[in-house]
Amino acid sequence: MGKEALLNLYRIEYRPKDTTFTVFKPTHEIQKEKLNKVRWRVFLQTGLPTFRREDEFWCAGKVEKDTLYLTLSNGEIVELKRVGEEEFRGFQNERECQELFRDFLTKTKVKDKFISDFYKKFRDKITVQGKNRKIALIPEVNEKVLKSEEGYFLLHLDLKFRIQPFETLQTLLERNDFNPKRIRVKPIGIDFVGRVQDVFKAKEKGEEFFRLCMERSTHKSSKKAWEELLKNRELREKAFLVVLEKGYTYPATILKPVLTYENLEDEERNEVADIVRMEPGKRLNLIRYILRRYVKALRDYGWYISPEEERAKGKLNFKDTVLDAKGKNTKVITNLRKFLELCRPFVKKDVLSVEIISVSVYKKLEWRKEEFLKELINFLKNKGIKLKIKGKSLILAQTREEAKEKLIPVINKIKDVDLVIVFLEEYPKVDPYKSFLLYDFVKRELLKKMIPSQVILNRTLKNENLKFVLLNVAEQVLAKTGNIPYKLKEIEGKVDAFVGIDISRITRDGKTVNAVAFTKIFNSKGELVRYYLTSYPAFGEKLTEKAIGDVFSLLEKLGFKKGSKIVVHRDGRLYRDEVAAFKKYGELYGYSLELLEIIKRNNPRFFSNEKFIKGYFYKLSEDSVILATYNQVYEGTHQPIKVRKVYGELPVEVLCSQILSLTLMNYSSFQPIKLPATVHYSDKITKLMLRGIEPIKKEGDIMYWL
């Protein structure tokens, strides 16, 4: 691994000696969402790796049976008839190749053997001992088949770690200190992760239920667990059963919660990060080792995998200059700290009325807070903004609960201010599943009044040099009060507006009850023009036509005229119905549209010793690109985004250059961000909304989420 940028993508071919496949077809139409479940059961029953081609199931080899009867987990029986034998002449798409490849991995157990060997060898190194528990980092090998621009298949092979406690969900539920609703869990011995929808006691069900579950189970671990529950009445008295969102039911004894960084204590989080954020060279060597094991195990079955990584196709140029209100500009290479010290913001409000709240256990840091406020006032004064302190409140509290009780009357009295600055104590960490966070409470209560807040943790004031904290806070104060720290000098191509749109599902009691489309509209200078929240009954992950229509109505209201070029960034997949609605309203309002999907997770990685890799790209097709959007300033391996143009006229390279420019628009820190401003913070906004933190007014131009 040198200066060039490699990707964990490997050319893959399937050239079996025996090209005979047995083809089965259902006697009745199968619902689309059940097709993969049926395919999996065809593989289990025949023992032959299988892929699906439309409504046919192709088995790699000869099957003598004329009819297959497959029982799904819900008890439904699917009948397949043998159509005959066909000669395999190649895959028609990536999915077919991926399905067959994964079945061969299961058949040879090469993947399971690697994970088992790795865990045994490095168990001590990938186990984290917290204060009250042990945490295991379980290796996960992920495979996905993609297609290159040239038309050959590529194996995307990656290694990650799943964070989970040693205890099963059953143990945690027995202790009654864990709310499992909506958490992700993984069944032991099953390559699947799902979200918890419901939990109930096993004793509520009769023996017939357990017998049917045992018979329908397709994995040894779950079949054994159901068998034990069927035989042991005492076990059923205390056992919990868990229903996942996709309808699967499992005994809690074989489920392990999948933790996130938010679920970890600080010391746990740091230790986990040291392991998970693996040095790029080390990660690549491990991937190569896994690949060699795959090659050896699958060679005799006709699989040929190149040992060579694919290489980046080139490096995109982009407009990387920002400017201030006086026309001073700078090229952003690493960060914006020096520019922020000297720049003159675009001032929309030059006098800010501010309320100060200080929450502490003791008074000893109050002098430090006063010192910090003086520096903040002077800093903003030099920027042309007067900070006018309307009032101050000091709250001394020994616990989070006491602090909340004392905060309520203070917050209730606040009105007619532009911002509330809150110095906040960090009380002992709580379980986020069952306790409130003081930060959430403050943010939520002030947003009910449509007042933005700036929270400063008391511990940050213990730093000897407050300049870093001061700059960061000042930048956010500007953005939260409608003032603009800086703008883009220019951007590639002619664009009038960028629209970032995402959908989050709001859950109550484990059930999705409504969805919120979050829209952010930016002008060609990267300046936020408006955010807009629209809520409607949930229909999976899709945007409704009404939500899309609202975006166009808002664009017109904001003054974007017919003929305007509108570039839409969808955080995630654009569905066919969504594309049709965008095109319909684009024509209706007379806008020229570019529709892009931005996929931020589970993409191939770039590996390079070069620090400045922002702009490297790999084209999967004429309209699909893997794009490096930041330089190697962080630990760990670079995680690029995937950009796919779904509709429009501009070349995907121009659209990617625009994305690179929009990564400079970050008002919450000095570093450019991984995602363009259009979709950056989508995850945070969603999490805030799930915790009840959202503005009363669903439309505005204040970045309350910073």
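In case you wondered, yes, glycine gets a Cβ from its N, Cα and C as well.
These features come from Swiss-Prot:
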- ASP502: active site (ACT_SITE)
- GLU541: active site (ACT_SITE)
- ASP571: active site (ACT_SITE)
- ASP683: active site (ACT_SITE)
- ASP502, ASP683: Mn(2+) 2 binding site (BINDING)
- 168-259: domain 'PAZ' (DOMAIN)
- 419-694: domain 'Piwi' (DOMAIN)
- 1-108: region 'N-terminal domain' (REGION)
- 109-165: region 'Linker L1' (REGION)
- 263-334: region 'Linker L2' (REGION)
- 335-448: region 'Mid domain' (REGION)
- 449-706: region 'PIWI domain' (REGION)
- 612-650: region 'PIWI box' (REGION)
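Per DSSP, the region 'Linker L1' (109-165) is made up of 13 helix, 30 strand, 14 coil. In terms of DSSP helix, strand and coil, the domain 'PAZ' (168-259) has 41 helix, 24 strand, 27 coil.
When Cβ atoms from all protein chains are considered, those within 10 Å of ASP571 (active site) total 21, not counting its own. Secondary structure of the region 'PIWI box' (612-650), assigned with DSSP and counted as helix (H, G, I), strand (E, B) and coil, comes to 0 helix, 18 strand, 21 coil.
Across the region 'Linker L2' (263-334), DSSP classifies residues as 34 helix, 13 strand, 25 coil. Across the region 'N-terminal domain' (1-108), DSSP assigns 30 helix, 41 strand, 37 coil. The average per-residue pLDDT of the prediction over the region 'Linker L1' (109-165) is 90, rounded to a whole number.
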